[in-house]
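**Student:** Attaching a single structure in structure tokens format; questions to follow.
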Amino acid sequence: MRLTEEQQAVIGHGSGHARVAAVAGAGKTTTLVLRVLHLLAEGVPARRILVLMFNRAAREDFTAKLVSLAPTGQALPEVRTFHSIGHRLTQSLTRWGYLPPRELLSADWQRERLLRQAVMLALGGADDTTRETALEADRIEALGSFCELVKAEMIGSGEFYERLDFGPNTEHFVDSYEQLESLLEQHGRMTYADLLYRPLRCLQANDEARTRVQGFLDHVIVDEYQDINQAQQCLLAMLAGQRAAVMAVGDANQCIYEWRGARPDYMLERFAATFGESSDYPLSTTFRHGHALALAANHAIRANRRRPDQLCLAASENPRTTLDVGQGGGQLIDELNAWRRSGRGLDQACVLVRSWALSVSVQLQLLRAGIPFRLAREDRFVFRLPLVQALAGYLRLARDARLLHDPAHLLLLLSQPTPFVARERLQALAGQLAQSQTWPERHDPLLASLKPFQRRNLKRRWALLCELPKRAALPPARLLELIVERLDAEKVLKRAAARREKGEEDVRLLDVLIEQAEESAQAPQDFIDLLHRPVENRADGVLITTVHGAKGLEWPLVALWGTNEEDFPHYTRDNPLDDERLEEERRLFYVAITRARERLLMLHDGGEHRPSRFIAESAWQDGNRIAQALHEDTSDAVSVAAPTLVGRYLGALNVTLALQQAREMPAAGALAAYGKGTSHTPGQRVRHEVFGDGEIMVVEGDPANPVIEVRFEHAGRRRLIAGRAPLEILQGDPMT
Ligand SMILES: Nc1ncnc2c1ncn2[C@@H]1O[C@H](COP(=O)(O)OP(=O)(O)OP(=O)(O)O)[C@@H](O)[C@H]1O
């Protein structure tokens, strides 16, 4: 392997601090391993070097490479994660008597129990309903992450609560945090976040303790710097002290944890604020994919204001990457089948989703097509989601009235979506209803303990359950709509979720299920069975994961699912995008597309959903055309939307290609205005953001908002709602 000049510069960096801006796939591990070996060869003792990695997988990867490249017998430095350092510091500070001993809460249920106790203490004087709402599983989970984040950000719980939008019914979070702190102290326990938080607070407050841990290092190398949180940053500064030179490596364009306090500008500003002067090094060449994708990535991130001025360049020996856009599950299935037919394994492919809710439709499509898959998180299997289990349960009841006599089945349906009633009470009610088949008398003790609104809700739900078997003839999609409407499910899910995003995700899950049920209209029973099919991860299956979960990984084939407006970028009418969130969504899209090596397929839903603006922003067709032109070494001019950007890219590669300005694409901000007030006639030439250029063949329906059929040069014939499609009318010659 021949190192690039940029890599060599990093490896041979002299004295002082350094920042390395590395694009995705820049061979960071190789470069940093060689940097460590260079330091060792220069005589720096191994014990005076520390390498800090983001997580355990990255640490193992780094260690394996270090061992494989080091001369035999060479003593090697420690490669640690932040948490393992925190763990060790905690042990030392405890041994030296600066920290009282505490035991780590290792099991989730232990932590959950303490959280529940903390809530009960914080809401001592509150009414039953408030307490029961606060004790809902989702809200306890949200409180748990709130408490961990307060410690990760090293700020007061009140200030942190003000900073983020935790939604309604979370006002007890700040008090519950304080109660949890007291409980942890009383019981001599600590949480995962305490592994960093406790030693840091101790070292900040105690000069003597600090002098005992500082001064042992000359070099600290830290990876994924763009996403480290405040506690990790403090730890880094503490370990480096006045003496060690810090080399921070990262990519501000891949900063995807803004919601928990990371910021793209930290890569530059926070480093300078903490460590002062430093040398800056770019690692701009990617060894992952071809020019088409490198260009698409550069285009995709271009609209962000907060980004480094750095292009991602593809190395000439990289695989050629092809980019494509498609619509719907059929195309995903076709792609995966074609991949298999070409002799490739599904374990070399990945389906990426912006959020887990979007994976539900992929799972159902793959199940139906018999394509094996595995999930990065097994609890996200569609049939394991409590809401899906319950909805499938409602459908089954419609087909089988005997289930009205089954207490376990009734309990499932009474508890999802949540009626905000404690489980023990629901259990008692389900048992009684299964036997009596009638709603209890007014003064029944079972009802006496319920609030009037809880009583009303549950009575309405029981009426729905009794009605369902009479509606057996309705297709599943209609049944689901009926259930959702009667239970006011959207409102309940939004209210029950402790984070706004979680509520929106659950509502999206409802939509996705109804859409899927609609698609199975021909075989309704199959749809119901599908939701019940026991599925397990298949090692040979295609991986489904979120973009966040794909950080640092790559696959030969990547299909990005759900590339629709509102899904990716994610927003809703109640939760519109501001500039900062749009930029974070764009970075997430950048991370998503740069996971592919050979092929990237961006899939959107079509129909009501508009394709994501990010597809157009990536100018993927330009990328394909330029890559093709470079491959063929053509002298013909290539027309592109952004000749300056493409010209810079080619200049950096030292190649020349004639470029010409394509007609300007409509700006993303103009999306809402598409098609409005425009008249459409057959023969007109149009440009679609996703499908490219084409000709209108048919215009029909409401003249104010017609349906048009367009023959696209590359995407074939498509029917579109003119008012909704991201379409621009072109002037000039008809297509030939
Ligand atoms: N100068 C080079 N020439 C050719 N291939 C290289 C070069 N540097 C790195 N690579 C290759 O690039 C691939 C990725 O490198 P490596 O594993 O070091 O990076 P990484 O840390 O996993 O990637 P990333 O930069 O995304 O974090 C490896 O196959 C590596 O051999």
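Just so you know, glycine gets a Cβ as well, placed from its N, Cα and C.
According to TrEMBL, the protein has these features:
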type	residues	note
BINDING	A22, V23, A24, G25, A26, G27, K28, T29	ATP binding site
DOMAIN	1-290	domain 'UvrD-like helicase ATP-binding'
DOMAIN	291-552	domain 'UvrD-like helicase C-terminal'
**Student:** List, in sequence order, the residues of the same chain other than A22, V23, A24, G25, A26, G27, K28, T29 whose Cβ lies within 8 Å of the centroid of the Cβ atoms of the recorded ATP site.
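**Tutor:** Leaving out the recorded residues gives T31, D251, L283, T286, F287, R288.
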**Student:** Cβ under 6 Å from ligand 1: which of the binding-site residues V23, G27, K28 qualify?
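**Tutor:** Only G27, K28 meet the Cβ criterion.
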**Student:** Where does K28 (ATP binding site) sit in the DSSP three-state scheme?
**Tutor:** helix
**Student:** So which of the binding-site residues is most packed in, judged by how many other Cβ atoms lie within 10 Å of its Cβ, out of A22, A24, G25, T29?
**Tutor:** A22
**Student:** So if I measure Cβ to Cβ from A26 (ATP binding site) and keep only same-chain residues at least 6 apart in sequence, which ones fall under 8 Å?
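**Tutor:** Result: L283, S284, T285, T286, F287.
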**Student:** Could you tell me which of these binding-site residues, V23, G27, K28, has the greatest number of Cβ atoms within 10 Å of its own Cβ?
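**Tutor:** Its Cβ has the most other Cβ atoms within 10 Å: V23.
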**Student:** What average pLDDT does the predicted model assign to the domain 'UvrD-like helicase ATP-binding' (1-290)?
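**Tutor:** That stretch averages a pLDDT of 92.
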**Student:** Which secondary structure state does DSSP assign to V23 (ATP binding site), in the simple three-class scheme?
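**Tutor:** The residue in question, V23 (ATP binding site), is coil (DSSP, three-state).
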